Amino acid sequence: MQLTTQALMVQGTTSDAGKSVLVTGLCRVLVRKGIKVAPFKSQNMALNSAVTKDGGEIGRAQAVQAQAACIEPTVHMNPVLLKPNTDVGAQIIVQGKAIADMDAIGYNGYKKVVMGPIMESFGILQDEYQTVIIEGAGSPAEINLRENDVANMGFAEKADVPVIIIADIDRGGVFAHLYGTLALLSESEQARVIGFVINRFRGDIKLLESGLDWLEEKTGKPVLGVLPYLHGLMLEAEDAINVQQVEAADEQLNVVVPVLTRVSNHTDFDPLRMHPQVNLQFVGKGQPIPPTDLIIIPGTKSVRSDLAFLREQGWDKQIERHLRLGGKVMGICGGYQMLGESIADPDGIEGDAGESQGLGYLQTSTILAPEKQLKQTVGTLQLPEQPAVPVRGYEIHAGITSGIQTNAPVQLQDGPDGQLGIDNQVFGTYLHGIFEQTEACNAILSWAGLEATQTPDFDLIREQGIDRVADTLEEYMKLDKLWPEWADKFAK
């Protein structure tokens, strides 16, 4: 494969091998070298999404990668986003806009159509930037998904880009993963692979050298880097809920998040996970909600079915008891809708048409509608006995919520948002990302009962995480082998 500076694709032997983080780090490394770079992922399947300035929806990981590249995220960085809404179906978002719900078989046939906008978006980025760092999805060796592939080698062949393959040694079997993945590719695809990266290594590299030599001899491909395990790295997870927490302080606020079946944008809770004064606990199916200070009902892609799920777990009764004992409850997006009096879906947007009774803690009613509300926004937050503080975030929801606006705790640039209820013990808002601002996070935690809040700077933590990854790549990867034309920039 002829190396080029115009694009490089990162594929992985498995999901969660480290593709997203590697792309993030490479974007920051290139920016440091004065190279104008953009991230790209042709197809992403995730319920964690971000909103672009022009009101489009993309995968959250691509928004973080854009931050690493020091540019504003656009819909062209993730032209196809699949948001699962059932076990066999998903909402299809193309270049930022939802176009349809499809089951897996229906979408498989539709892939030939979406390759058009995928290549259009990729071309737009190539025209604007010196290079594009592309992230694959899952593994390129999934035999059942190879037909009409738009996410891995199908895209790489169409766009004619070189590929590196990353594997996670912490899972075990790294040589089988890399050798087997390469062996399952076609000859032309194998020729496209320029090398391997081994991720999350712990221990003495000398103990690995014989295996590296064997892999290079058997495949004819170089190992371009062995990356160490980065303990405590605080970057958003693409899909799986990250439960890793920082070391706790003496004074703590206990926060519980019930995990819904279609929970979305759980990255909302990353600032709480990183907060030294917060003990954050995710409660799953079959688990009771323990005694706590604050319960936060998260967003969900399927509000009515997840409301039914919440009741099936008995969480509604446990929330009721929690409030009787003086605790606080917060709902974000779909969680906010659940806290109201009713949720109607007359057009069957999320499944069977009908109406569900809400939990009844807020004087609101929600009607689900085909048109999604997608926007970045800023405003102020004022909770009881708390000062008014600036807030920013984004909205992603299909519902229109109506009700009393006189006690809306959030005042946005285009109007009021949210509501307070039950003696100011319940707070609902549509605003995702609300905990990312230090002052807003302080206000919410103080309202929930934490005294002397000491909220860390989440934006700074994310920047430090990105820089830490980039520092690691500069130390442990043979970056000059990826871009020979820029080799002088990577001289050590």
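Glycine is no exception: its Cβ is also placed from the backbone N, Cα and C atoms.
Worth saying up front: this structure is predicted, and the values here are computed from it rather than measured.
Taken from Swiss-Prot, the feature active site, nucleophile covers C333, and the record attributes it to sequence analysis. The C-beta environment of C333 (active site, nucleophile), restricted to residues of the same chain at least 6 apart in sequence and closer than 8 Å, consists of S264, N265, P298, G299, T300, E395, I396, H397, T429, Y430, H432. For the recorded site, C333 (active site, nucleophile), the DSSP three-state label reads coil.
Within 10 Å of the C-beta of H432 (active site) there are 26 other C-beta atoms, taking all protein chains into account. In this structure, H432 (active site) is part of a beta strand by DSSP. Under the heading active site, Swiss-Prot lists H432, citing sequence analysis as support.
Look at Swiss-Prot and you will find 252-440 tagged as domain 'GATase cobBQ-type', backed by sequence analysis.
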